[in-house]
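J.: Pasting a structure here, questions to come.
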């Protein structure tokens with residue numbers, strides 16, 4: 001009996017590698033979404049674990065800028081390989097734009113790495129969650145912007161949660177260093193500025209993500225290398241790293257690869273599912289990173305960390321709601337319809353224009 005046509009098709013499908021079958025899935029397929037979330041958790045949990053692990057080496061905090069220099073070099077090389085694979089050979093914007101972007105990238109990533117030597121890692125992560133605060137303050141002071149009530153409430157919640165989280169940290173850590181708080185605040189300011197600048201030049205020049213990554217990290221690497229040479233920090237850092245090559249160069253390489261892949265999957269989530277879903281997933285990832293940090297690195301723990309962290313998370317979602325009110329209301333209405341009926345759901349899903357509060 002001759003084989004049926006669909007048998008041939010089934011056999012052909014089995015011969016296709018699993019990763020190609022996964023790549024061919026529509027972004028609406030649940031397996032594709034779960035796979036993207038799993039990748040994000042894997043990359044960033046690994047990134048956070050290795051970052052904290054490296055800083056457990058004695059004297060490593062003095063080489064934080066060398067770590068950032070090494071990280072930028074790995075990022076630039078990986079982006080260069082990706083550009084060659086994609087066949088991109090034409091720069092879309094000026095070197096001046098990329099140099100500005102590189103300086104901001106150095107500020108946010110370099111200062112963030114540097115702060116780990118002075119701060120409890122969960123505190124550093126919590127600060128990094130609160131980019132809205134410098135965005136809102138800068139918008140009010142520099143651009144005379146107005147913000148809606150949800151943004152204002154979100155900033156207040158984040159500020160309150162950060163204050164109590166930091167106070168809790170100072171209670172349980174006798175060597176708590178306020179200099180670390182200052183450093184991570186500066187990283188936060190740079191992080192707030194870089195997002196706006198990236199969005200501006202990407203929309204203006206239609207720049208591929210990989211091109212922006214390559215030039216910003218290549219110029220950033222040269223800036224940091226020049227800085228550590230001028231401060232006589234290059235060779236002392238190399239001496240310290242050579243004492244533990246596996247835990248410095250090896251872990252640093254893995255740390256950089258995880259970070260690069262994490263950037264790529266975040267951009268993919270934003271492109272395929274939108275900022276709302278992406279922020280939800282990344283917020284869950286940060287919460288898990290904090291929990292794992294307490295478990296794996298045996299830190300003292302008090303309940304103040306929990307409720308102050310929840311205040312910050314509430315502020316994050318107020319900020320998301322302020323920019324995605326229609327999407328949020330539709331989802332809330334969907335669940336209300338299931339449990340309470342369509343009459344109440346129709347009131348919730350009615351779109352209203354966000355009220356703006358002058359400040």
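Each Cβ is built from the backbone N, Cα and C atoms, and glycine gets one as well.
OK, TrEMBL features for this one:
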| type | residues | note |
| --- | --- | --- |
| TRANSMEM | 31-50 | transmembrane segment |
| TRANSMEM | 62-86 | transmembrane segment |
| TRANSMEM | 98-119 | transmembrane segment |
| TRANSMEM | 150-167 | transmembrane segment |
| TRANSMEM | 179-197 | transmembrane segment |
| TRANSMEM | 209-229 | transmembrane segment |
| TRANSMEM | 249-267 | transmembrane segment |
| TRANSMEM | 274-296 | transmembrane segment |
| TRANSMEM | 302-321 | transmembrane segment |
J.: Short question: which residues 6 or more past the ends of the transmembrane segment (249-267) have a Cβ under 8 Å from it?
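T.: Residues 36, 39-40, 43-44, 46-47, 50-51, 53-54, 67, 70-71, 74-75, 78-79, 209, 213, 241, 278, 282.
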J.: Return the stretch with the most CB pairs under 8 A relative to the transmembrane segment (179-197), choosing among 62-86, 98-119, 209-229, 302-321.
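T.: Most contacts with the transmembrane segment (179-197): 98-119.
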J.: Let me check one thing: do the transmembrane segment (62-86) and the transmembrane segment (98-119) come into contact, meaning three or more Cβ pairs under 8 Å with sequence separation of at least 6?
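T.: As far as Cβ distances go (cut-off 8 Å, pairs 6 or more apart), the transmembrane segment (62-86) and the transmembrane segment (98-119) touch.
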J.: Counting Cβ pairs under 8 Å to the transmembrane segment (209-229), which of 31-50, 98-119, 302-321 comes out on top?
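T.: Per the Cβ under 8 Å count, 98-119.
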